[in-house]
Amino acid sequence: MQWYMVALLLTVLTSSQGILTTLSQSNGRYEYDYATVPFLAEVFKLLVSSMFLWKESQKSAPPKMTTDWRTVRLYPIPSIIYLIHNNVQFATLTYVDTSTYQIMGNLKIVTTGILFRLVLKRKLSNLQWMAIILLAVGTTTSQVKGCGESSCESLLSSPIEGYMLGILSACLSALAGIYTEFLMKKNNDSLYWQNVQLYTFGSIFNMARLVVDDFRGGFENGPWWQRIFNGYSITTWMVVINLGSTGLLVSWLMKYADNIVKVYSTSMAMLLTTVLSVHLFNFRPTLQLFLGIIVCMMSLHMYFAPPQMLVDLPSPSLKSDPESLAEASSDRRSDS
């Protein structure tokens, strides 16, 4: 499967994620424990990856699986980074409002590009750097509300701690993605074997979070495994499957494409979600939304289009004009 087909599917699934999560609410609130959704999604990814790994192992040429502890010990690190990132997210939201946090979250687009260059040593052209910055500007523009609203004032009135934590959150998010790509491309191991390792540790860390939540709540509602499916509906299960499928597609992109493709997919998904919300939830589109979409589409074209489509370069076949012929003949005379 080509990477752009996977990226398109990731965009569709990611855009439907927020919509399904909203539809899973009952009377404006969640009837289920939302902390169980990431855990079940990790288990889903682990089961799917294990099944594909088993099918691979049945072939005449078994898949490559590195079991050296020096390699395996690297796989818990993304889960640890995401765990720290989630705590920083909550800390950031104590200082800034939701709109400001969403806008600051676009910093991860630029930080991903920077870490992509520094950590993975992947060189980007000047046009590609401009495209990444344009993507951050476009997504931010689409999220800014009317300047007469109070949200515009709150954007610049948050304490400095909120901005520092927001920057740290963006850096951690980008670092987790970059490190995952480093792991996936570190060797030629089977994608599904790498996924099994990632999602085993992911399941363990998410289960540990549920245990910690139980201790904090004094086991008021009983242990997590007794109420894990309480309040679940068909829509909730769709959220779990959507989240798990999205993670599987991201791991494929990390293996065979790169983080920049993932950033574009998730950014376009955010815009697609906003557009779909206009029809599903009577969301009122703004001028900023349309301008942001236009800027993001320009960024997409600028990053992935061949350079000759962006710059009018003279073709070698056009060098047959009279001046060029005169220069060529004078060069021949001087050589002789």
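Any Cβ shown, glycine's included, is placed from N, Cα and C.
According to TrEMBL, the signal peptide annotation covers 1-18. Per TrEMBL, transmembrane segment is recorded for 164-184, 232-254, 261-281, 287-305. Among the features that TrEMBL reports, region 'Disordered' is placed at 315-336.
For the transmembrane segment (261-281), the list of distant contacts is 3, 7-8, 10-19, 22, 108-109, 112-113, 132, 135, 138-139, 142, 177, 250, 253-254, 289, 292-293, 296, 300, 303-304: same-chain residues at least six beyond its ends, Cβ to Cβ under 8 Å. For the transmembrane segment (232-254), the list of distant contacts is 3, 6-7, 9-10, 13-14, 16-17, 20-21, 23-24, 31-32, 37-38, 40-42, 44-45, 48-49, 177, 180-181, 183-185, 191, 194-195, 198-199, 261-262, 265: same-chain residues at least six beyond its ends, Cβ to Cβ under 8 Å.
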